[in-house]
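**Student:** This structure is in structure tokens; I'll ask about it shortly.
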Amino acid sequence: MVHGSVTFRDVAIDFSQEEWECLQPDQRTLYRDVMLENYSHLISLGSSISKPDVITLLEQEKEPWIVVSKETSRWYPDLESKYGPEKISPENDIFEINLPKHVIKQISKTLGLEAFYFRNDSEYRSRFEGRQGHQEGYINQKIISYEEMPAYTHASPIHNTHKPYECKECGKYFSCGSNLIQHQSIHTGEKPYKCKECGKAFQLHIQLTRHQKFHTGEKTFECKECGKAFNLPTQLNRHKNIHTVKKLFECKECGKSFNRSSNLTQHQSIHAGVKPYQCKECGKAFNRGSNLIQHQKIHSNEKPFVCRECEMAFRYHYQLIEHCRIHTGEKPFECKECRKAFTLLTKLVRHQKIHMGEKPFECRECGKAFSLLNQLNRHKNIHTGEKPFECKECGKSFNRSSNLIQHQSIHADVKPYECKECGKGFNRGANLIQHQKIHSNEKPFVCRECEMAFRYHYQLIQHCQIHTGGKPFECKECGKAFSLLTQLARHKNIHTGEKPFECKDCGKAFNRGSNLVQHQSIHTGEKPYECKECGKAFRLHLQLSQHEKTHTGEKPFECKECGKFFRRGSNLNQHRSIHTGKKPFECKECGKAFRLHMHLIRHQKFHTGEKPFECKECGKAFSLHTQLNHHKNIHTGEKPFKCKECGKSFNRVSNLVQHQSIHAGVKPYECKECGKGFSRVSNLIQHQKTHSSAKPFVCKECRKTFRYHYQLTEHYRIHTGEKPFECKECGKAFGLLTQLAQHQIIHTGEKPFKCKECGKAFNRGSNLVQPQSIHTGEKPYECKECGKAFRLHLQLSLHQKLVQVRNPLNVRNVGQPSDISSNLLNIRKFILG
């Protein structure tokens with residue numbers, strides 16, 4: 001051997017059993033990496049050495065056992081009982097046994113090398129026999145478990161004269177003093193090698209060198225199949241399994257296969273429920289030591305991995321790698337089924353289960369199955385109610401650490417992830433990725449029933465339950481069932497009244513962070529979502545999506561009861577309650593019940609008098625933001641929605657839809673009392689109140705009652721004299737916007753409503769309906785007292801007042817409708833007293 005040349009033994013690292021057991025799983029992985037990397041560097045320097053047996057075993061991720069024959073066991077009969085056979089081969093009279101290095105040395109002195117059969121036997125034996133002076137080193141490098149010396153040897157371990165430096169802690173010898181100093185740091189815990197980039201410290205210099213590659217981005221180990229590069233050889237070896245797809249180790253419990261025995265062992269602990277590694281901080285247990293180490297970083301708050309783009313810090317290096325792909329847009333893992341690409345292999349594996357439909361993890365409580373174990377673990381918290389992670393700001397608890405971290409960003413108001421398309425910021429990279437799909441219009445998830453496409457898988461799941469009608473999540477308070485767990489969680493806040501998210505501008509509180517974010521855009525006036533058809537801008541993407549359907553006319557959701565179509569599934573669900581008549585939301589003030597919770601909230605503001613939304617033009621305040629938006633159109637005069645039939649324009653799409661039903665003549669909503677049809681359900685609801693005679697709205701001034709709140713508002717203006725709506729043509733003022741709209745037709749002379757029977761035109765749709773009944777002869781309004789029928793509800797009202805005053809006025813008979821005018825004076829006198 002040439003003096004000064006480097007051999008594999010010069011760079012090999014040895015461990016005793018005591019040392020090996022002190023190492024954490026990630027440190028054992030480091031050993032594999034270091035040994036493989038050292039060998040790789042020697043080859044790259046031009047060393048013409050054959051591959052050591054230990055390298056072959058490490059590449060295959062096998063344990064390097066020593067193999068002993070039965071002949072040896074006759075000379076040393078207590079070997080088998082002392083150390084135990086690992087594998088017996090009756091044909092060759094051979095068994096595997098785990099021996100300490102000094103026992104191997106002692107046996108080889110007595111019986112020679114023929115007592116042993118080494119793996120890769122001929123190759124290893126020739127090298128071993130050629131290096132008699134290095135027997136101990138070659139066997140020691142194979143990570144053989146180190147035991148106490150058995151009684152039969154009667155000798156101390158033989159120490160090589162080339163290793164004069166002894167460790168006083170464990171008795172291990174080293175050839176260099178520097179190696180001894182490095183080794184002693186294992187016992188002392190000293191970490192003298194510090195990274196200048198992030199400050200992290202290490203026990204060994206090789207660990208620091210490996211770590212620095214994360215900062216430099218150096219990736220010297222490249223896959224020949226796909227060209228992907230890695231920092232470490234073990235990473236490359238694991239990656240190669242993706243291409244070979246060898247899975248030799250199968251779980252007997254669930255049939256799942258693995259390409260490494262260690263992965264199978266780790267997986268089997270899931271079925272066994274064994275979790276020997278417990279956190280001293282919070283008591284949480286894990287089935288792997290590496291998982292415990294990762295978990296403990298949550299308590300220490302250590303985040304050594306920093307992104308150079310946005311300076312965001314992470315606990316784990318894999319999190320930094322995943323995060324960096326948000327900036328680069330790299331998605332190296334592609335699904336062969338639908339061509340969708342992912343930033344991480346784990347996400348691809350998770351996605352592929354959607355196509356396979358595989359769900360091996362089942363909940364023992366309710367039988368629900370999941371494709372991933374972490375999904376099952378999250379689901380279990382529903383049954384246990386456990387929420388160990390608490391926010392120090394507001395006291396809210398979560399069942400997952402990631403949810404707590406996401407929640408805390410709401411308080412910190414940190415939004416490091418910015419969309420390059422529209423500039424919107426997000427506190428999570430996942431939210432940015434979801435948001436970017438809005439701009440790309442990508443919708444890879446398609447419903448098999450109706451072929452409707454969705455951007456996200458959860459939207460598809462939610463949509464499918466419209467077809468199946470499945471609602472597995474039930475509220476224990478009121479029994480209401482929901483198709484999604486998030487809907488149930490949102491609903492529960494109605495009962496608890498909890499609203500932890502408060503607006504700093506106006507103090508209004510919300511039960512969801514997303515609602516607060518939506519609300520804050522009211523103060524900023526930001527409207528980033530613009531319609532490409534008409535240029536109208538919206539605060540929320542949902543509003544834009546709804547608006548776009550007005551241009552396309554798309555209505556995929558059909559009511560099976562009456563055949564009506566809707567643009568949104570939520571609108572269909574709301575509509576269904578009309579047929580069922582169910583009204584689960586009741587006002588505690590007046591007992592009035594509502595079909596929807598939002599209707600109850602709107603109603604309650606009438607009792608409280610709360611009007612937080614004020615018009616900057618005229619100072620008028622409103623209880624709802626939508627009311628303010630409608631009001632603003634009075635000042636701007638904007639009417640973007642135009643009827644194609646008659647050219648009339650409207651400031652709201654709902655008004656246009658309502659108007660179009662006049663031309664179509666469609667009236668799907670029929671009153672069960674009198675059979676009258678209506679084009680809108682709200683009109684039917686208003687009409688039904690005429691039959692019930694309920695008048696819940698009372699004037700505080702004169703105690704007069706009204707069926708509708710708008711009637712009370714209109715009536716108040718009689719007392720106050722307020723007339724806020726002024727005609728710009730003649731200056732005349734009105735108490736109601738509808739009165740102003742009717743008046744303005746006088747100036748324009750517009751009469752868009754034409755009778756098909758006689759051709760007569762009218763400036764109001766209600767005026768058209770009245771003469772049409774002349775042609776049809778229809779009289780739907782009947783007096784319950786005398787059975788007389790009328791064409792118009794106004795005629796019925798006047799008739800009922802005549803009947804009411806008949807006795808006090810000594811009126812014996814009420815004749816034809818022409819008699820009404822002759823009695824008006826008497827009615828007026830009676831009413832005024």
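Just so you know, the numbers here start at 1 and follow the chain as drawn.
A Cβ is built for glycine as well, from the same backbone N, Cα and C atoms used for every other residue.
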**Student:** Pick from 85-107, 361-383: which range has zinc finger per Swiss-Prot?
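**Tutor:** Result: 361-383 is the stretch Swiss-Prot calls zinc finger.
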**Student:** Under Swiss-Prot, the annotation zinc finger belongs to which of these stretches: 23-45, 46-68, 529-551?
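**Tutor:** In Swiss-Prot, residues 529-551 carry the label zinc finger.
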**Student:** Which is it, of 117-139, 669-691, that Swiss-Prot names as zinc finger?
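**Tutor:** It is 669-691 that Swiss-Prot describes as zinc finger.
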**Student:** The zinc finger (585-607): which same-chain residues, six or more beyond its ends, come within Cβ distance under 8 Å?
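**Tutor:** Those are 494, 574, 577-578, 623-624, 696-697, 709, in sequence order.
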**Student:** Who are the chain neighbours of the zinc finger (529-551) in space, where the CB to CB distance is under 8 Å and they lie at least 6 residues beyond its ends?
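**Tutor:** Here the qualifying positions are 438, 518, 521-522, 567-568, 640-641, 653, 656.
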